[in-house]
Structures are given as C-alpha cells and as structure tokens.
Amino acid sequence: MGKRWDSNSSGSWDHIWSGNDTQHPWYSDINITYMNYYLHQPHVTAVFISSYFLIFFLCMVGNTVVCFVVIRNRYMHTVTNFFIFNLAISDLLVGIFCMPITLLDNIIAGWPFGSSMCKISGLVQGISVAASVFTLVAIAVDRFRCVVYPFKPKLTVKTAFVMIVIIWGLAITIMTPSAIMLHVQEEKYYRVRLSSHNKTSTVYWCREDWPNQEMRRIYTTVLFATIYLAPLSLIVIMYARIGASLFKTSAHSTGKQRLEQWHVSKKKQKVIKMLLTVALLFILSWLPLWTLMMLSDYADLSPNKLRVINIYVYPFAHWLAFCNSSVNPIIYGFFNENFRSGFQDAFQFCQKKVKPQEAYGLRAKRNLDINTSGLLVHEPASQNPSGENLGCRKSADNPTQESLMEETGEATNSTET
C-alpha cells in the first residue's frame, strides 16, 4: 500500500529507526537495525484491533444495509438515492481494502504481500477514498439545485449515472500516478526479529518511489487540493447557501402561513443543524490525516518526531478518516424517516396489520426521496416522456418553504397515491 492511506509507508524509514533501547520494538547494531515483527506491546495492539474492528463493523453493516434497501425498494430508485448508493459502494471499498490493510500496517513491520498486491491495494484504496469524497460533493450539488433553485429542473437519472461514471473516472485518473510509483522495496539496513531465537528476516516496504522529493510534494499537493480542499470548499459553500435559503423562507408569510411558522422554524433549525453536522464531520475526520501527509512531505521533522508520528499519530488519523465511511450511512440514511420505512419494508420488520389511513401515508411516503444529512425531497409524480423531472418545486407560492417541508421528511398535503 502506498504512503497515502497507511502509516508504515508514509515516510522514509532510513531516519525513523534509531537507538538501542531494548524497551522499544527495535535494536541497533553497527550496520544493521533490528526491529520486532510486532510494532507494539500486546495491549496497544489490542486497542488498535478493537478500534479498527468497530469502525469496520459499522462500515460494512451500515453501507450494506443502505445498498440492500435502495436495491430492494423500487420506489427508492431516484436520483439522490443513486448517489447515496454510490456513496455506500465507495465506503464499502474503503472498509474492505483500506481498514484491514491499514490496521495490519499499523501493528506489524514490513509489507507481507507481493508487488502486484502492493499496486492493486494502493490503487483501490485511493480510488475508493476519492470516489467517496466526490460523491459527497455530488449529493451536495443535487440538494443545492433543489433548494436554492427550486424552479430549475432536477437532475435526471441519466445525468446522475453520467455523474457517477465521471466520479469513478476522475478518481481512477487522480490515483493512477500513485499506483505507478508504488513498489515493494527491500530495506538494506533493517531486519525483522521473528522470535526470541535471534531469527531475522528481510524487511520489505510497499511505498511510492518518486524520482525526487519535489515530484512527491507536487503530487501530494494535487491530491490535497482535489480530494480535500476543493470538495470541502464546495460542500461548505453549498450547504451554507442552503441554510441561508431555508432561513429566509418564512420572512414574508401572511394568513394561514403564520399558523405554520412555528413548525417551519423548528424544521429550519433541524435542517441547518444537520447541514452543519455533515460539514463539520467531513472537516474533522479528514483534516488530521491530510495535515500529517503534508507535514511528512514538507516539514523537516526530527527522527524522534517522525517515529512518533508514524507509529502512534498516523494510526489515529487513519482511524478518524475511516470513521467518515462508517458514519455516512447513519447521516445520509438512518436519520432519514423515509429510509427507515424502506428498511422496515425491505426486511419485513412491520408485523402489525396496516390500517387504511396508514397505508395511504406509506404510499405517500414512497414518493419521497432520501436526501443528504437525513433530509428528504419529493420525487415528482409526473415526468415528461423523456424521463426528465419537471422540477424540484411543489408550490409556486413559496417553493423554498415547500422544499423545506419535504427536506425534513414531512408529507405535504398531496393527493397523489
């Protein structure tokens, strides 16, 4: 795996292992430095395994359920849900390829697999992370168009598929240079102690081998800009515009609308808080890892600082970043009332007989679409012959307020069944 998504390969080990303190997992000789196969004491290793298993379990279960619910329920085959489905797929890849390999890299010395696995795993890890981030941006764009510009046509299913193809194509393009530069290298001055019988083995690392440090820095900067800085800026700007648009919806209400203002105000607060949660989670989960990667390439750190960063700080930063893939199904799915109804339908959790009024309500809910941050939007019941949605709006009087009610999962007074 490359230096981008794991810790042992994140820096030059020529400057990390030094000293002859036998309390640490390395021992120095005149020309050779020996290190233990396991990098940590058993209790530290147990903490690493437990914490990574927790997010792995949440990631696999949560995102698998999201995929199952979207596939099983035909009424959930909508534009926003396809984006959420794509997000779940990319997050599943993060769980399958990033979490176990990174955990292994955090607790043992060296790369235990071959050269082909080095390139493949590094490429898939980078692609899955990039695709997950780009899909978050696509979801934000979809919600931004619907709430801020409610009179404009919604994205069609065809357009959504094109965007998904572009997302994966862009992710592959961005991460290909990393896969090309990934190589398994033998450490000439380091060996691994396999047992107490003084048996040793050659150490191999899977890491990017750039011609010079300047090229590595340029590529790291490009990744930082395209996978973190630009997506973060777009998400924050669009969600801020959505929040501002929702905040202004009831400024000029009269008559019957005044009776609804208190309820609408509560809905606004709920939506705005959820938007802030999405943005903050994205910022906080990825910022430490990107900070470390930029420091590794640009800062002139001492050997002791490099050792501490690679052995202790990087594992936590990766764990925090991977948490984003574990909480995404909760934020974009299970906080959504309509999604929970779809979950119950898919797994046949509803045991009691549904009353006629409740059946009507369930049919109405099935015209709702999962939205970002647990928000909902009605999918228009009528479409033109080409399959294009006629628009996000439901009311010409106050389309943004109507979008607000729909965004929060409240059924409007529609007569469609």
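The backbone N, Cα and C atoms fix where each Cβ goes, glycine too.
Residue-level annotations in Swiss-Prot identify, among N198, N371, N198 as N-linked glycosylation site. The record in Swiss-Prot shows matching topological domain names for V44 and I309, meaning one and the same side of the membrane. In Swiss-Prot, the entry for N-linked glycosylation site among N31, N324 corresponds to N31.
C206 is paired in Swiss-Prot with C118, the candidate among C118, C146 named as its disulfide partner. Ranking the disulfide-bonded residues C118, C206 by other CB atoms within 10 A of the CB puts C118 at the bottom. Counting residues of the topological domain 'Extracellular' (182-217) by DSSP class, helix then strand then coil, yields 5 helix, 21 strand, 10 coil. Annotation: stretch 46-66 has the most Cβ pairs under 8 Å to the transmembrane segment (311-331), among 46-66, 83-103, 218-238. Sequence-remote contacts of a segment are chain residues at least 6 beyond its ends whose Cβ falls under 8 Å from one of its Cβ atoms, and for the transmembrane segment (46-66) they are 40, 84-85, 88-89, 91-92, 94-96, 99-100, 102-103, 106-107, 315, 319, 322-323, 325-330, 332-334, 343. Residues 1, 5-7, 48-49, 52, 55-56, 59-60, 63-64, 66-67, 70-71, 121, 124-125, 127-129, 131-132, 135-136, 138-139, 142, 160, 163-164, 167, 315, 318, 322, 325-326, 328-329, 332-333, 370 of the same chain lie 6 or more positions beyond the ends of the transmembrane segment (83-103) yet place their CB under 8 Å from a CB of it.
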